[in-house]
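Novice: Here it is, the structure, as structure tokens.
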Amino acid sequence: MKILYPGTFDPLTNGHIDLIERAEKIFGNLVVAVLENTSKTPTFNLQRRIIQIKNSLSHLPNIEVISYSGLTVDCANELKANLILRGLRAMSDFEYELQIAHTNKSLNNDIETIFLSTNTNYSFLSSSLVKEVAKFGGEINHMVPPSVERDLKEYFK
């Protein structure tokens, strides 16, 4: 069974890492799929985000990191992944993620979406929030891994 954890990861946060570590314990392996979203202008380009993720997950040998563009369900089909993992911080996340899960299911009836609730330590955390704090010089060392912290400080210098 292949499990796909898709996202933009711009940037990767400690919340993402916690979810990946927990999923790896449950499922044994995971494919982290980094979206190249052409409708957004990311802070970090695709290659940089992949490097950040690989560096931050080097302690997890059963995690594969790939990139993709287009529909997540198409990426899952290409990988022959039948499960998509999503994290939920709040009820508002659930409403949005449920719509996406139903859409994916309508495009491929064999795809299932599994939701893991976020660790309460990271329930406030989002990539957008991290960038906002970093932009104004706030401390982000408890929000992101060290390599991402360095990259953000350099970016907003």
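Glycine is no exception: its Cβ is also placed from the backbone N, Cα and C atoms.
Features from Swiss-Prot:
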BINDING   Thr8, Phe9, His16, Gly87, Leu88, Arg89, Glu97, Tyr122, Ser123, Phe124, Leu125, Ser126, Ser127, Ser128  ATP binding site
BINDING   Thr8, Lys40, Thr72, Arg86  substrate binding site
SITE      His16  site 'Transition state stabilizer'
Novice: Only counting partners 6 or more residues apart, tell me which same-chain residues put their Cβ under 8 Å from the Cβ of Lys40 (substrate binding site).
Specialist: Thr8, Asp10
Novice: Need the DSSP three-state call for Lys40 (substrate binding site) to compare against my parser.
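Specialist: SS state of Lys40 (substrate binding site) = coil.
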Novice: With every protein chain in view, how many other Cβ atoms are within 10 Å of the Cβ of Thr8 (ATP binding site)?
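Specialist: Counting Cβ neighbours of Thr8 (ATP binding site) within 10 Å gives 17.
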Novice: Which whole number of Å gives the largest C-alpha distance between any two of Thr8, Lys40, Thr72, Arg86, the residues noted as binding substrate?
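Specialist: Answer in Å: the longest Cα-Cα distance is 20.
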Novice: Spatially, and counting Cα to Cα, which of the binding-site residues is closest to Thr72 (substrate binding site)? Options: His16, Glu97, Leu125, Ser127.
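Specialist: Nearest by Cα distance to Thr72 (substrate binding site): Glu97.
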Novice: Rounded to a whole number, how many Å is the Cα of Glu97 (ATP binding site) away from the Cα of Arg86 (substrate binding site)?
Specialist: 8
Novice: Compile a sequence-ordered list of residues in the same chain as Leu88 (ATP binding site), six or more apart from it, whose Cβ lies below 8 A from its Cβ; state 'none' when nothing qualifies.
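Specialist: Expected: Phe94, Glu97, Phe115, Leu116, Ser117, Thr118.
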Novice: Using DSSP and three states only, what is Ser127 (ATP binding site)?
Specialist: helix
Novice: So for Glu97 (ATP binding site), how many other CB atoms are inside 10 Å of its CB?
Specialist: 16
Novice: Using Arg86 (substrate binding site) as the reference point, find which of the binding-site residues His16, Ser123, Ser127 has the shortest Cα-to-Cα distance to it.
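Specialist: Result: the closest of the binding-site residues to Arg86 (substrate binding site) is His16.
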